[in-house]
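Working notes for the structure below.
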Amino acid sequence: MSSYLLIVKTELPGAVAGFLSGDESGSWYLDGRLLLLITSVCIVFPLALLPKIGFLGYTSSLSFFFMVLSIFFSLIIIFQPSSAYAIPTMAFSFLCHTSVLPIYCELQSPSKSRMQNVTVTGIGLSFLIYFMSALFGYLTFYDKVDSELLQSYNKYLPHDTVILTVKLAILFAVLLTVPLIHFPARKAVLMLFFSHLPVSWICHIFVTLALNTIVVLFAMYVPDIKNMFGVVGSTTSTCLLFVYPGLFYLKLSREDFLSPQKLGACALVIFGICVGLLSLVLIIFSWINQ
């Protein structure tokens, strides 16, 4: 969640400055941390308080619309007259596993085939958006592209209307995604630490406020989004994408250990561990060298 809010902290001041004509540097409304705090309190926290993830389906659809809008304007822009972070960032980008169980529970007539359709559709749309953003971002800047694509556009066209529109679309999409990720996190905390207590709004609000406070503080004080994506992608994302699914299959399956399915699960676990450790070591060495 902090990774998404870090985008807000980085991009929102530039979006606000784009609408101003003079030099307003030093103003409170250009302070990324203050703007992050305001948007978290006014948008993220109220949405995160919602008791069911189904309520967030409307905001999630709106978020997807904003992402599609940003891709559309990126195409307009392109047609006008570092390796250690790559795999962790891609792993983080497709990390939707934490929301699977809550979404499954709120499906009408939940079934394996219905959940499979939801999964394929969600990941397919995400891949299409990521691919278009990466392709046209690279075709615009080649090896000069920044770790955050919008920063690259902002350097060359700081007050361009199309760039500002894209920024605002991305910011709204990110803000509306945070409550969706917050739901399974709050559910896990409640089950781990407060399962012995009766369900109450006091506990619900307390956990929501505590989680939002933690992620906002992380987003405020992490200097570069690349570091956040790299560390989270090489640790939690690789575990959730590769290691845990393989371990769960090995634990639950009754097939022979030398069966192709179990050997594939073992390979998935080993691949996840190796990729995660290697990426994390390379990231730490890049920090030391800097």
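The backbone N, Cα and C atoms fix where each Cβ goes, and this holds for glycine too.
Taken from TrEMBL, the feature domain 'Amino acid transporter transmembrane' covers 84-284.
According to TrEMBL, the transmembrane segment annotation covers 32-50 (among others).
The feature transmembrane segment is assigned by TrEMBL to 62-79 (among others).
As annotated by TrEMBL, transmembrane segment applies to 85-105 (among others).
Look at TrEMBL and you will find 117-141 (among others) tagged as transmembrane segment.
For 161-181 (among others), the entry in TrEMBL reads transmembrane segment.
Taken from TrEMBL, the feature transmembrane segment applies to 201-222 (among others).
According to TrEMBL, the transmembrane segment annotation covers 228-250 (among others). Among residues of the same chain six or more beyond the transmembrane segment (228-250), those with a C-beta under 8 A of the stretch's C-beta atoms are 2-3, 6, 84-85, 87-92, 94-95, 97-98, 218, 222, 261-262, 265-269, 271-273, 275-277, 279-280, 283.
Under the heading transmembrane segment, TrEMBL lists 262-288 (among others). Residues 82-85, 87-88, 91, 227, 230-231, 233-235, 238-239, 241-243, 245-247, 249-250, 253, 255-256 of the same chain sit 6 or more residues outside the transmembrane segment (262-288) yet have a Cβ under 8 Å from a Cβ within it.
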Selected stretch (most C-beta pairs under 8 A with the transmembrane segment (161-181)) from 32-50, 85-105, 201-222: 32-50
Non-local residues, at least 6 beyond the ends, that sit with Cβ under 8 Å of the transmembrane segment (85-105): 3, 53, 115, 118-119, 122-123, 126-127, 130, 147, 180-181, 183-185, 187, 226, 229-234, 236-238, 240-241, 245, 275-276, 279-280, 283
